[in-house]
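Taken from Swiss-Prot as is:
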ACT_SITE  His862  active site, proton acceptor
DOMAIN    7-118  domain 'DUSP'
MOD_RES   Ala2  N-acetylalanine
MOD_RES   Thr573  phosphothreonine
REGION    2-223  region 'Mediates interaction with SART3'
REGION    597-665  region 'Disordered'
REGION    923-952  region 'Disordered'
Amino acid sequence: MAEGGAADLDTQRSDIATLLKTSLRKGDTWYLVDSRWFKQWKKYVGFDSWDKYQMGDQNVYPGPIDNSGLLKDGDAQSLKEHLIDELDYILLPTEGWNKLVSWYTLMEGQEPIARKVVEQGMFVKHCKVEVYLTELKLCENGNMNNVVTRRFSKADTIDTIEKEIRKIFNIPDEKEARLWNKYMSNTFEPLNKPDSTIQDAGLYQGQVLVIEQKNEDGTWPRGPSAPNVKNSNYCLPSYTAYKNYDYSEPGRNNEQPGLCGLSNLGNTCFMNSAIQCLSNTPPLTEYFLNDKYQEELNFDNPLGMRGEIAKSYAELIKQMWSGKFSYVTPRAFKTQVGRFAPQFSGYQQQDCQELLAFLLDGLHEDLNRIRKKPYIQLKDADGRPDKVVAEEAWENHLKRNDSIIVDIFHGLFKSTLVCPECAKISVTFDPFCYLTLPLPMKKERSLEVYLVRMDPLAKPMQYKVIVPKIGNILDLCTALSALSGVPADKMIVTDIYNHRFHRIFAMDENLSSIMERDDIYVFEININRTEDTEHVVIPVCLREKFRHSSYTHHTGSSLFGQPFLMAVPRNNTEDKLYNLLLLRMCRYVKMSTETEETDGPLRCCEDQNINGNGPNGIHEEGSPSEMETDEPDDESSQDQELPSENENSQSEDSVGGDNDSENGLCTEETCKGRLTGHKKRLFTFQFNNLGNTDINYIKDDTRHIRFDDRQLRLDERSFLALDWDPDLKKRYFDENAAEDFEKHESVEYKPPKRPFVKLKDCIELFTTKEKLGAEDPWYCPNCKEHQQATKKLDLWSLPPVLVVHLKRFSYSRYMRDKLDTLVDFPISDLDMSEFLINPNAGPCRYNLIAVSNHYGGMGGGHYTAFAKNKDDGKWYYFDDSSVSSASEDQIVSKAAYVLFYQRQDTFSGTGFFPLDRETKGASAATGVPLESDEDSNDNDNDLENENCMHTN
């Protein structure tokens, strides 16, 4: 059996490994476990082959399940934002969770983080654990200021919510009541389908729900039909509101078409921003407003959405351009998107560009004029002229893809791959719907670290260091050395978690392995580890001993405080080692007073033989260690007396040399007054090396200890444990002083604002030759192997509307970051001709028509949009339901994320699109002048732009 009567480690490992493979089933409950705790458990049970040597090592015993790293401070059930599966937490089914809790218990004061499995997708169903719950605000109709917040699963029903509200506000079951959705403009919507789920009802994060109780006379406070409901399709008692749009102030006809906001359904600003940009793309909007989409709906395309996305989008666009509403609530559109793209089904913040990509692809497939796609064998260039290969590629593309989306948004680029081994050149031409442009990356990042100096009286100092993003631990030490004066080669960098060393880094390890939430401690060690053979660096952890209960003599221990590193002589006496350890902790270990000394001897534990202690306080080789032993306490045993401090106050082997006091360091001599007076030891110590208590030490009359270099390694799994009796710890160990630290002025440092970059710089970076990464190689048909080839992209032809995605977000296993670089992009006359390699391409000039903005950091923040109205040619700012005028000087900002450019020869009045030609012909026949949002002199560029079109 393992600790505390738990199953043996082989059984634990086998059971959990099997349960981790459990398939998700709708309605099942799964539990979140902090990945750091789980990794510690895996080490303890030897889950992975490389951890087998630690199996059963009591010094890596994980202790109670600790999920505090997943929770917001002060909230036992609220998760931190943007947690990532496998990186921050792992998911366990109910049976697995119950087993772990029975074996290890749950940290006191914590509650299980239980989540339901929900089903997503309309046609292709798949299950997903709903990690983030929907937070709803609940109140009574008679007192809407008294709001109570509760969290629900999307799988919970309206009936479940009503029962919870009744419980909160003490409303008896027999009392007739009804629920309402309350929106921001004081509009209400009935919730009268008790079996509907939160997901089906479209309830979103932060939604206010109101319960209304029936009056004694049989009437309702809000009346038989709510007068404040502003829904043109509203009716009672049928529950149709889930499928309809909510409109503000219906019946008005004095709103300018297109100047219509979109209500935020709860973290749906990303969707609103994308829709506003597409809505203000003139050729696409005219296509839908003139019902041209109806004759091109493709209901049978297996890659499409049966026309549902196109129809839902068309309905929304018609409402936005009707001129009747100042804003609409796009719930029906949101529901359709969520059904076909489950990643957008919830109410968590998403990426605007990812939604745009899905929407453009969905509209394309729903409106694809090709009813049966032919199979086409793709060909490599094989030395043929670019013009021939490009025309072939575009023709092949049109044989399978022909829609209004292709007409407006698709272009063609050339991709060239060169094998580094055989020099094989592969050239292909591929269509694109938008350009994702890289931004010049920040080459540096800031890290906050704590420097622990060798002087035991010095508090740890917090520093902010600037290090290369693609660097190693030595770069961190070099930067810290410049601020602190401590030589980089005298530093050891560690990651401390849960009172133990989680990692001890080598100098050549990558900085990318350090995450933002890691607690990085750098220790000053005054020896040269490569040359000094007389000393050894050992990690030291602190443990508090305890008994499992008053009914048993079994003892255990738990980690506390901050671990530390220290250099000690390789050959030492037990007494000198004890004094060195006590000296290292003299800042926060209080010494006894004369009164305390005469009160009686200090007892460092109730029994010197706990955990197999020998008479000298050193654990015997091979003895049990950290958590528990089967040996009973011997209440009559007495501790051995610590030799007089005077006998050991001058240690020839103490690290630091004779000049420590001159250098301001605390030494045994300068701290003698602090150390004197103890007749009994405050703690005992035990060695642990890679899971075994087998570090060689020589036990003779002088009680010498020898650290064997063949066995001892500087590693987070090798350490010296200092075991404290609870009473002595409480009496002499000052935990507040131990946790205290100082801040260096660098912590307040804010990096200077970066200069802007031009959009053309990003385009040049996009077309720059690069070497493929090791994780993304190219298969060379000549070598018959995957190679890290060089790759170059070039633009061949550009579409009428060019969508430019600025790649502000970067992801890696250890880091998530947003680049806030200011990109200077032109409002008009963006000349792309210099980037086209097609020799027949003439000048291609574009004007900006819309911008999607993102404010805030990685994974959160807020989306808005700037857009130019096609009817009056003026700029407007769209912020969810709010629409306001904007000026051109507001548009270029660090928030710009997705840019929409329209080629000058395709604007209304040029007759470029068939619909525009029809409108132009009708205008000529009636004698009505044609309005254009471009000056007449822009037509001078028409001939120049003709050659910019596709080579089909």
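Cβ atoms are placed via backbone N, Cα and C, with glycine included.
Sorting each residue of the domain 'DUSP' (7-118) by its DSSP state yields 45 helix, 21 strand, 46 coil. Between the residue listed as 'active site, proton acceptor' and Thr573 (phosphothreonine), the C-alpha separation comes to 63 Å.
Within 10 Å of the Cβ of Thr573 (phosphothreonine) there are 18 other Cβ atoms, across all protein chains. Packing around His862 (active site, proton acceptor) is summarised by its Cβ count: 17 other Cβ atoms lie within 10 angstroms of its Cβ, all protein chains included.
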